[in-house]
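What Swiss-Prot says about this protein:
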- Ser79, Gly92, Asp95, Tyr98, Lys103, Arg148, Phe153, Gly154: dUMP binding site (BINDING)
Amino acid sequence: MTSEDQSLKKQKLESTQSLKVYLRSPKGKVPTKGSALAAGYDLYSAEAATIPAHGQGLVSTDISIIVPIGTYGRVAPRSGLAVKHGISTGAGVIDADYRGEVKVVLFNHSEKDFEIKEGDRIAQLVLEQIVNADIKEISLEELDNTERGEGGFGSTGKN
């Protein structure tokens, strides 16, 4: 690891409670909340795009962000797009040190192509707290047994 890499790794991020937004072009738009108590900030498409039926696409927002310290940004579906058009999001974690363009992966679960116009709300950005825990390797004996044990994937009930 070079000294430049080490200094970047040790870089201290500015302490803030603001979501900072850089508009990368005139097509970028500052995220907005649909209501005062909305959990997420609406993200806007910076381009016209088509998400094919049963397909996926990567949609540009032309923004970069800095999330508040102790959080990350999660790109989540908009409920109206999910219910009315079968549109969901994927691969949506934006780390606190990411400075590239925010892009949105959209999946179309419907039978019809989904048309996006420049300026359409396509997803929402939810800020979530994160715990950066130390990692400690343990022995099998230290792995406490629980009532559930190794049961997974529906093991706790049928419904």
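Using the three backbone atoms N, Cα and C, a Cβ is placed for every residue, glycine included.
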Highest CB neighbour count within 10 A among the binding-site residues Lys103, Arg148? Lys103
By the count of other Cβ atoms within 10 Å, pick out the sparsest of the binding-site residues Tyr98, Phe153. Phe153
When a 10 Å sphere is centred on the Cβ of Gly92 (dUMP binding site), how many other Cβ atoms does it contain? 19
Per DSSP, three-state class assigned to Gly92 (dUMP binding site): coil
Secondary structure of Lys103 (dUMP binding site) (DSSP, helix/strand/coil): strand
